[in-house]
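Visitor: Copied straight from TrEMBL:
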BINDING   Asn9, Glu374  Mg(2+) binding site
BINDING   Lys16, His203, Leu204, Gly205, Ser206, Gly207, Asp278, Met279, Arg280  ATP binding site
BINDING   Arg87  substrate binding site
ACT_SITE  Asp144  active site, proton donor/acceptor
SITE      His176  site 'Transition state stabilizer'
SITE      Arg236  site 'Transition state stabilizer'
Amino acid sequence: MTENILTCNAGSNSLKCALYEAGKHTLAWRFEVDRIHDEATLSIKDKHGEKLKDKQSIDSGYKNALFEILTWCEEQSSFELVAAGHRIVHGGLEFKGPVEINESIMKKLKALIPLAPLHQPHNLILIDCLSEKYPNLKQVACFDTAFHRTQPWLAQQYALPRELVHRESILRYGFHGLSYEYIASILPEYIGSLENSRVIIAHLGSGASMCALKNGKSVSTTMGFTALEGLMMSTRCGQLDPGIVLYLQQEKEYALSEIDTLLYERSGLLGVSGISGDMRDLEDSDDAEANEAIELFCYMAAKELGSLIMTLGGMDAFVFTGAMGCNDVFVRRLICNYMDWFGVSIQDDANANHSIRISTPASSIPVLVLPTDEEEIIAKQTAGVL
């Protein structure tokens, strides 16, 4: 019987899992649950990418989705689980690399829930579910924040009193690090050596961020203390004047819980459109509000991109990744249109066909579309801890 490592990657509206053969690090199956909170569907692919299940309806919720995946795995004769690796969105300052999970570690991870309320609870639920089903299973936490610890101190700071920065660790942590780490690992195949390279990666999905890499290392990113900052997202506001929060609380008598819900769950694409937080729904809509939300998303993304170019002193390549980044032709085109001043131009046919390189030969830099694989990074980090 083959020993396997399960990887668990809970997003704000999805669950991705994969099963790898331990030791050889060979992929066996991939699992993806989409729209996990409502009308959840499960897709399963084998190691060759062949579909074994395609958008099969399942009960909503992370626990139900995980048990559906485990039930399917247990029906396969070759399944024996020896470890599980988990994407953990927020690791604070303490966790700079993967760690084996125990009671003490879980307590620390739960303390970070307020800094990632849309993700951390779901990440931890999966750990509890596996502990319940397999009490002796080794589990490893792999952190989205760890990749950004290479950033210069200046890029991590806020203009707040020093005691808040140093005593309370109110810093720019950054997120989507597992995704950026994977893209950085495969970039040499497409642009050559990363030595002296300046690359910006846009991870676009329900959550969205960008990261500036110099020599393959993170030097700046759009998300900060929490995963609320930066780009406009599915239901999160992104960049916001803090005075708005004060105004809502002091003048409009919003409770803190109402503000929390507003910024994390009622803003972004959903808030601006009044229709949906899913870009696919907005692109299918004829409503003017839907189009306005799409345009604002791309405008804000282009502004953040320009800021990151400044931090690098230029840009040698631009990469789209994440579910939206890899699949949304319209969003890629709108964002790249804003980059005309930088000499960026894309080929409509290549963009429509989701080619790896969508830029024209005359473009000042290559524009690439590269699917991420956070699960592979989680599997490698988990194997390294065992």
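Backbone N, Cα and C atoms are what each Cβ position is placed from, and that goes for glycine too.
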Visitor: Which recorded positions (Asn9, Arg87, Asp144, His176, Arg236, Glu374) fall within 10 Å of Ser206 (ATP binding site) by Cα distance?
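Guide: Cα filter at 10 Å returns Arg236.
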Visitor: Could you tell me the C-alpha distance between Arg236 (site 'Transition state stabilizer') and Asp278 (ATP binding site) in angstrom, no decimals?
Guide: 12
Visitor: Tell me the Cβ neighbour count for Arg87 (substrate binding site), meaning other Cβ atoms within 10 Å of its Cβ, over all protein chains shown.
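Guide: Cβ-Cβ neighbours of Arg87 (substrate binding site) within 10 Å number 27.
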Visitor: Any idea what DSSP makes of Lys16 (ATP binding site), helix, strand or coil?
Guide: strand
Visitor: Show me the subset of Leu204, Asp278, Arg280 whose Cα is within 10 Å of Glu374 (Mg(2+) binding site); these are the binding-site residues I mean.
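Guide: Near Glu374 (Mg(2+) binding site), where near means Cα within 10 Å, there are no binding-site residues at all.
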Visitor: What's the CA-CA gap between Arg280 (ATP binding site) and the residue listed as 'substrate binding site' in angstrom, rounded?
Guide: 26
Visitor: By a simple count, how many Cβ atoms lie within 10 Å of the Cβ of His176 (site 'Transition state stabilizer'), its own Cβ left out?
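Guide: Here the count is 32.
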